[in-house]
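Trainee: Questions regarding the structure given below will be posed in turn.
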Amino acid sequence: MSNSVGAVIVAAGRGTRMGTAESKQYLLLQGKPIIVHTLEVFQQHELISEIVLVTGQEDIERCREWVEAYKLDKVKAVVPGGSERQHSVHLGLKQLDTNWVMVHDGVRPFVQESEIDACYERARAIGASVLAVPVKDTIKQVDGNGKVLSTPDRRSLWAIQTPQTFRLSDLLAAYAAAEQEGFIGTDDSSLAERSGIPVSVVEGSYRNIKITTPEDLDFAEFTERNRGEG
Ligand SMILES: Nc1ccn([C@@H]2O[C@H](COP(=O)(O)OP(=O)(O)OP(=O)(O)O)[C@@H](O)[C@H]2O)c(=O)n1
Ligand SMILES: C[C@](O)(CO)[C@H](O)COP(=O)(O)O
């Protein structure tokens, strides 16, 4: 079991930017909750031996029911998350019992099996990996008054996705250090980077969106409807 791989799927957010009454991770895509689509990708991947699902306290019961109904038997625990994504990930990590961990957003249902393979291979070779795509737009740094400060060279900019893959012991140490130092990052890699863990990007797909705002649902419906057609 020295190379066992677990997944922490975080789904304890409120979906403020989506603005729906129902949290976005539970909205239906082709009749199935988004979170179930995401879990199924990891359930079906032979590399993954166990999954921890992190949800809101009030959603634990219905999530457990879906785990039963959709036969997601790799899900070993459904646990409550915290106020920030980082807290939710940390709570999930503490439940895992594998050598490697892939942290993944519950609202990224379009990650591909081949991308999971590539992320794991790179993490084994380098220490840690993040799935990412080169940015397509020109990015500017702007101050609080709208004044443009700089235009970084786009060739060095990547939009970071999940999964993000680490040795579980490395990531737990990075999370403990961040907690002690009061650091909050927007992804897992930023905690690993400040602990000195080498992280490499793996080029993924623009389809692996994080469903965040209402227009993402149109894309998601379209993509899900056409899944497997090419
Ligand atoms: N306290 C939190 C915040 C976020 N997440 C999860 O982290 C992922 C990425 O977060 P994001 O898309 O930003 O989700 P929300 O925080 O729900 O969205 P918003 O910022 O619009 O409220 C989501 O699967 C979300 O459920 C979490 O588990 N716990
Ligand atoms: C982890 C992440 O999905 C990488 O793009 C992202 O940083 C999550 O950020 P959010 O603040 O929860 O939207």
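From the backbone N, Cα and C atoms, a Cβ is placed for every residue, glycine too.
A TrEMBL annotation is a machine prediction, not a hand-curated record.
Taken from TrEMBL, the feature site 'Transition state stabilizer' covers Arg17, Lys24. Sequence annotations record features per position, and here TrEMBL assigns site 'Positions MEP for the nucleophilic attack' to Arg154, Lys210.
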Trainee: Reported as an integer number of Å, what is the Cα distance between Lys210 (site 'Positions MEP for the nucleophilic attack') and Arg154 (site 'Positions MEP for the nucleophilic attack')?
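Mentor: Between the Cα atoms of Lys210 (site 'Positions MEP for the nucleophilic attack') and Arg154 (site 'Positions MEP for the nucleophilic attack'), the distance comes to 21 Å.
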Trainee: Rank the recorded sites Lys24, Lys210 by how many other Cβ atoms lie within 10 Å of each Cβ and give me the one with the fewest.
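Mentor: Per-residue Cβ counts within 10 Å for the recorded sites Lys24, Lys210 bottom out at Lys210.
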Trainee: Between Lys24 (site 'Transition state stabilizer') and Arg154 (site 'Positions MEP for the nucleophilic attack'), what C-alpha distance do you get in Å?
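Mentor: Rounded to the nearest whole number, the Cα-Cα distance is 31 Å.
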Trainee: Which recorded sites from the set Arg17, Lys24, Arg154, Lys210 come near ligand 2, judged by a Cβ under 6 Å from any of its atoms?
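Mentor: If the test is a Cβ under 6 Å from any atom of ligand 2, the answer is Lys210.
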Trainee: So how many other Cβ atoms are close to Arg154 (site 'Positions MEP for the nucleophilic attack'), meaning within 10 Å of its Cβ?
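Mentor: Result for Arg154 (site 'Positions MEP for the nucleophilic attack'): 13 other Cβ atoms within 10 Å.
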Trainee: Can you tell me which of Arg17, Arg154, Lys210, our recorded sites, come within under 6 Å of ligand 1 at the Cβ?
Mentor: Arg17, Lys210
Trainee: How many whole Å apart are the CA atoms of Arg154 (site 'Positions MEP for the nucleophilic attack') and Arg17 (site 'Transition state stabilizer')?
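Mentor: Per the Cα atoms, Arg154 (site 'Positions MEP for the nucleophilic attack') and Arg17 (site 'Transition state stabilizer') stand 27 Å apart.
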